[in-house]
Structure formats: structure tokens, C-alpha cells
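K.L.:
Annotations per TrEMBL:
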type	residues	note
DOMAIN	6-327	domain 'FAD dependent oxidoreductase'
BINDING	T43, S44, G310, G311, S312, G313, V314, T315	FAD binding site
BINDING	Y226, R281, G311	D-dopa binding site
Amino acid sequence: MKKQQICVIGAGVMGLSSALHIQDVCPESDVTIIADKLSPNTTSDVSGGFWMPHLVGSTPPEKIRSWSQATWDHMTALAHSKEASELGACLVSGYLLSPVKLDLPLYWDQVLGFRDVNQEEMAKFPGVKFGFFFTTVMIEVRCYLPWLMKRFKEKGGKVQQRRISSLNELSGQYDIVVNCPGVEARQLVGDKSVESVRGQIIRVKAPWLKTFLMVTNKNPDFLDAYVFPGARKVVLGGIEQVGDWDLHHRDVDREYLWKTCTTLLPCLQNSEIVKDWTGLRPVRTSVRLEVEYIPLDDRSMTVVHCYGHGGSGVTLHWGCAKEVADLVKRELNQRRRNLSKL
Ligand SMILES: Cc1cc2nc3c(=O)[nH]c(=O)nc-3n(C[C@H](O)[C@H](O)[C@H](O)COP(=O)(O)OP(=O)(O)OC[C@H]3O[C@@H](n4cnc5c(N)ncnc54)[C@H](O)[C@@H]3O)c2cc1C
Ligand SMILES: *[C@@H]1O[C@H](CO)[C@@H](O)[C@H](O)[C@H]1NC(C)=O
């Protein structure tokens, strides 16, 4: 029997992890990734790689919990594996602080050792009145994406680096198309509920810093500043500009980041700046993970969409990729049955 052909659009954390899961679940198929940008040039490469559900719109909480739990299990397993050093996968502990009272976050019982901060801890940070301390897991995405890509190719996966302007271009060539274009879903499939939330970060060398810090002022869904220490570098961030599609670096944002983060943590003043990055978070009314049958001239194209992960693409990726692969398998079986009836 002819091998079934599957195409995955996108080589960010969603495209790559989906492609790998599909190879596992549908070993009788050929998987091709088509992507305009590859690591280190995707949005996923800009990510802090931090496990924490954030900016996910009104995605049902039970979905967030199940996708993020599957990803938590995967990331903590990597952090304990011999691959940890290559991937910069590690557990990190720290603070989420605010001048106003925060609701208990959805993930409080998924992370480790979640507790309220005490007065003594609070006194170290100016203007802070409330907060939590917990342990989570992180990964260096710029190391993780090449690792996923290598495994994908080892299992026979193909990659085409090119841009497509419409899904119709793939008509007739693939049994199933998996659509993981991140924020560009707005252009590619005209989904107006996808909005960019622009981020800019500074990566610094500050190996003495071991504790993460996030400070939120108004809406806990928006962070005013964060400092995430990774296995090798520390990320300073907090820029979250809704509706801004500008990928250029801005000095004014860098000054804001530097001033806010060094005020919170004066120990950062002597850190060495390594690089500035800008990325657009693919925020949507809710994560889109579903099958669509797009009508074409004489048949229909089966598309599995997986995009709109906002500030949580890394946090949700493994759970979402599993679900994508299950949907692909279901649709392939359906096609087989239909074809055998002809
Ligand atoms: C500053 C910042 C910090 C973040 N920190 C975190 C964090 O700590 N933890 C967390 O969980 N999340 C974080 N995020 C969010 C996370 O980065 C995103 O949710 C995630 O990267 C989305 O992954 P993706 O694979 O869907 O999209 P992307 O990484 O954007 O990949 C999209 C892929 O699709 C391709 N593509 C798109 N359109 C086309 C087309 N027409 N033709 C061909 N190819 C196409 C692109 O070239 C690319 O390969 C952060 C984001 C930013 C900006
Ligand atoms: C990433 O972008 C840079 C600058 O545009 C380019 O030189 C490089 O080839 C790109 N890398 C890949 C893997 O596409």
C-alpha cells in the first residue's frame, strides 16, 4: 500500500513536536515539515522556555490543565535525564509578586512546593505586598528545537524551507495537513481572532542568579517584568504589547527592561548583556486545536489546526502535540475506510 503523506506547516515548538508525535503514532506515513523560518529564527526561539500557563485567552481550564500536565511530565523527565545539560532543562524556584492581591493561579497544584510568600521575603522587593513562591521547570528552546529536529530527521522526516501563501498550494499532495504557523495563522488562514502580543527580551550572563522573579502590577495575566535564570543564561523580559506586530528591536523597550529588572534585582547591574531578541506571541481568543475539512474544487482538504498558544507555547506543546497526532491517526483511518469502500 502507498504510504500516506502528511505535511506539517511550521518548525516552531508546535510544528516540530507534532511532527515527532505523528511519526510515532502513524509509523506507516511520510511526514514533511514545510516552514519559512527554522531555529534559531522562530518565535519559539525567543521564548524563555519557562513552564507556566500564561496569556491563553479563554481556553477551557480543563484543556490547559491536561495539555500543560502532559508537558510538565515530559519536561521534568528531560530535566532528570542525561540530556538535561544539552537542553538546558532544569527545575527552577522563585517568586511571583504583586502590589495587589492575586487569585490562586490555575496551576498552583501542578508546580512543586507552591506557597504564599512571607513578610521577610517581601521586604526585599520594593512595592510588593502579595505573592507566591514555587518550583517549576524550564528548557532552553534554542537547544531543544535542534534536538527535536534531529530526532525528526533520524526517523525519516523531510524538511522544506519555504513560505506558502495559502493552504490551497498543498492541495492534492498530502492526505492530511497539520497547521502550526504560530502568530502567522492570521495571514495564512485569515483567522482574525489571532492577535500578536509583542515581546522583547535581553539575555544576560549572571550565573550567580538562581531564583526566578516575576512582578505583575495590574492584570496578573500581564507581567510587568520577569527574570528567568536558565542553565546558561538569564532572560530579562516583561514587554507585552497587544496588537503590535513590529519585529524590530526597540531601544526604549530595552531601557525599560534594564531599569525595571535592575531595580528589582540590583545584583543584575553587573551582568554582561549577550543578546536582545524580539518575538510575537500568538495570542487567540482560545487555543485552536481541531480538524477542519476545507472544501476545494472537487474534494476537500483535511487540516488539523494547532495554533494560538499565546504566552504558553512551550508550556502546552507536548500535550497538544499528542492530541494532534491522535487526530491525525483518526483521520487517516477514516480516509482508509472511505477509500476501501470505493
Ligand atoms: C518574549 C517571549 C517570551 C516567551 N516566553 C515563554 C515561556 O517562558 N514559556 C512558554 O510556554 N511560552 C513562552 N512564549 C510563547 C511561545 O514562544 C509561543 O507560544 C510559541 O513559540 C508558539 O510556538 P509555535 O510553534 O506555535 O509558533 P512559532 O514558533 O512562531 O513557529 C511558527 C512556524 O510556522 C512557520 N510559518 C508560519 N507561517 C508560515 C507560512 N505561511 N509558510 C511557511 N511557514 C510558515 C514559521 O516560519 C515557523 O517555522 C514566549 C514568547 C515570547 C515572544
Ligand atoms: C536565521 O536568520 C539569519 C538572519 O536573517 C540568517 O542569516 C540565517 O541563515 C537564518 N537561519 C536559518 C536556519 O534559517
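Note: Cβ is positioned from N, Cα and C throughout, glycine not excepted.
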K.L.:
Write down the Cα-Cα distance for G311 (FAD binding site) and Y226 (D-dopa binding site), rounded and given in Å.
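P.N.:
Cα of Y226 (D-dopa binding site) to Cα of G311 (FAD binding site) measures 13 Å after rounding.
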K.L.:
Note the Cβ centroid of Y226, R281, G311, the recorded D-dopa site, then list each other residue of that chain whose Cβ lies within 8 Å of it, in sequence.
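P.N.:
For the D-dopa site, the extra neighbours are S47, G48, H54, L55, V197, G199, L223, G237, E240, G310.
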K.L.:
So around the FAD site, T43, S44, G310, G311, S312, G313, V314, T315 aside, which residues have their CB within 8 A of the centroid of those CB atoms?
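P.N.:
Apart from T43, S44, G310, G311, S312, G313, V314, T315, the close residues are V13, S47, H54, R281, P282, H309, L316, H317.
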K.L.:
Counting Cβ atoms within 10 Å across all protein chains shown, which of the binding-site residues T43, T315 comes out on top?
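P.N.:
Counting every other Cβ within 10 Å of each candidate, the maximum falls on T315.
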K.L.:
Among residues T43, S44, G310, G311, S312, G313, V314, T315 annotated as binding FAD, what is the maximum Cα-Cα distance? Answer in Å.
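P.N.:
That value is 14 Å for the farthest Cα pair.
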K.L.:
Return only the integer: C-alpha distance in Å from T43 (FAD binding site) to R281 (D-dopa binding site).
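P.N.:
Given the Cα positions, T43 (FAD binding site) is 7 Å from R281 (D-dopa binding site).
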K.L.:
For the domain 'FAD dependent oxidoreductase' (6-327), what is the mean per-residue pLDDT, to the nearest integer?
P.N.:
95
K.L.:
Secondary structure at R281 (D-dopa binding site) (DSSP, helix/strand/coil)?
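P.N.:
Its secondary structure by DSSP: strand.
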K.L.:
Pick from S44, Y226, V314: which of these binding-site residues has the biggest number of other Cβ atoms within 10 Å of its Cβ?
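P.N.:
Of S44, Y226, V314, the one with the most crowded Cβ is S44.
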K.L.:
Once the chains shown are all counted, how many other Cβ atoms turn up within 10 Å of the Cβ of G311 (FAD binding site)?
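P.N.:
Within a 10 Å radius of the Cβ of G311 (FAD binding site) lie 23 other Cβ atoms.
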K.L.:
Among the binding-site residues G310, G313, point out the residue whose Cβ has the most other Cβ atoms within 10 Å, with all shown protein chains included in the count.
P.N.:
G313
